[in-house]
Amino acid sequence: MMLAGFFFLFLVSGGSTSNISEQTELHDDQPNFNQDNDEGFNISTTDILKPPELNGSTNQDSKYPELQQGNYTNQNDTNTTVMFQRSEDGRIHTNCSHRAVYKYLKLVKDNDISKIGPSFYNFPTEVNVEVRLYAILDVNEKEQRFVSYIWIVSFWYDPDIYWKPADFCNISTIYPPSDVLWTPDLTIEEMIEDNKVSKSPYVTLYYDGEVFLRSNMVVVSSCTMEVYKFPFDVQNCKLSFKSIAHTSKDLKITNWMEKQLNFERSLERMTQSEWLFVNLNISEEVVYDLDGYKTMLIYTITMKRRSALYIANFLLPIMFFLGLDLASFGISDSGGEKLGFKVTVLLAVTVMQLILNDILPASSDRIPLIAIYCIGVFGLMMLSLVETILMMYLLGKDAAAEENREDKEQRRNLKKRTSADESPAEQLSVAKEGDSSKPTVESIALENISDELRDVEKTLTRVLNGRKEGNKAGCWTKVAEKVNIVFIITYVIAVIVFLIVLFSQWTKDDE
């Protein structure tokens, strides 16, 4: 009997006994493998692992041969072959799988390997993933945080799971608890808080070994926000899926659905509020982690802010304040009303800047255009305020000179009145001592009245001349008027140029 077994192995091994001696000692519950089979060929992992009838087998004698064995070469590593045996129930048995090592080391109880990953040497388990974005809950620029609600559909193939639907009343799908089967340890690299939604308690299991896992998540992730064009900004936030422990040799993450179809299906059920879902880009990368290279599936979500509310509540009020500042040039510079009005408008713009400071992050690479807008308007209004102070100073110099001139004139008139004011008795005594032909008292009184009338006439003439001279601007007043005209023209031109340049930058497309 032993000779017959040896002769059988000799024929199967191609007549070489050296292969038998090189056979690795296996665990009792693992089958022996043929190390030297017919010429190997490249084949996908799923084609190797699925039962023959699911791969289009032409074996008409039996859908499940009592024993199938093969020697398959990996496309990426032609020096390594995967050896397997398939029993009559369609299951794969191989010593090149993680499950075989676990069973050999007795790390699982009662040979329960359902929670061990179904990966083979150099044949990673392919996990197909589809992510649908159902809601953009929050985009916080100050905290650089993106909150989204997503649905994740992932599926993979488990070669150790198979049954014949015909033997079970054509039952081809069951829904076992998710904790009794192996599920991929996918994580989102940008996630900064734990998922706030409980994991799906069930998976969908098909008779051919395909496992579907559907789960929903509220993802709080970090996202680098570009607020340069706030509130006309477009943000790109990434959700990068990768395995926590498995390298690319053991687990490969691939995208399942075409990105345009994924985008359209997400858009159908999405409720959009402040942010508009613009695009969804999907890419696959291989990145180096602490324990080796891992495959990463990256979903880049592009969204655009609805800016109408910010225009109505922020940009337009500041524009109105700037218009009021322009209108204040019509107020007279002689009083303090103009200065008080400009200070009030300037303080209103300062309040708007404080509100903006609570919205924008302090760590932005470039100064946002809206901050430049506020600073520019504030600077223009500050120059307008300084110009008003200058005008009041120049007009004040002319007013002071006019007051000095009036004081001197009043003193001069007072002296004339004092010298000319003599009593009639003194004039009478002087007349008696003099010649009798000199004027009498009555004539002297008449002369005094006539002198007073002349003084009144001079005073009235002076007042009228003063009014005419008052209509003529002084030297500093003329300078102030010229400066004011030049400043108003320059101010209006500066405002127009500033707004045109700023809004052209706001509406310019990024390269």
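Heads up, the Cβ atoms here are built off N, Cα and C, so glycines get one too.
Annotated features in TrEMBL:
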type	residues	note
COMPBIAS	55-77	compositional bias 'Polar residues'
DOMAIN	118-306	domain 'Neurotransmitter-gated ion-channel ligand-binding'
DOMAIN	332-410	domain 'Neurotransmitter-gated ion-channel transmembrane'
REGION	21-77	region 'Disordered'
REGION	405-439	region 'Disordered'
SIGNAL	1-17	signal peptide
TRANSMEM	308-327	transmembrane segment
TRANSMEM	339-356	transmembrane segment
TRANSMEM	368-395	transmembrane segment
TRANSMEM	485-506	transmembrane segment
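When each of 308-327, 368-395, 485-506 is scored by its Cβ pairs under 8 Å to the transmembrane segment (339-356), the top-ranked stretch turns out to be 368-395. When pLDDT is averaged over the domain 'Neurotransmitter-gated ion-channel ligand-binding' (118-306), the result is 89. Secondary structure counts, DSSP: the domain 'Neurotransmitter-gated ion-channel transmembrane' (332-410) has 63 helix, 0 strand, 16 coil.
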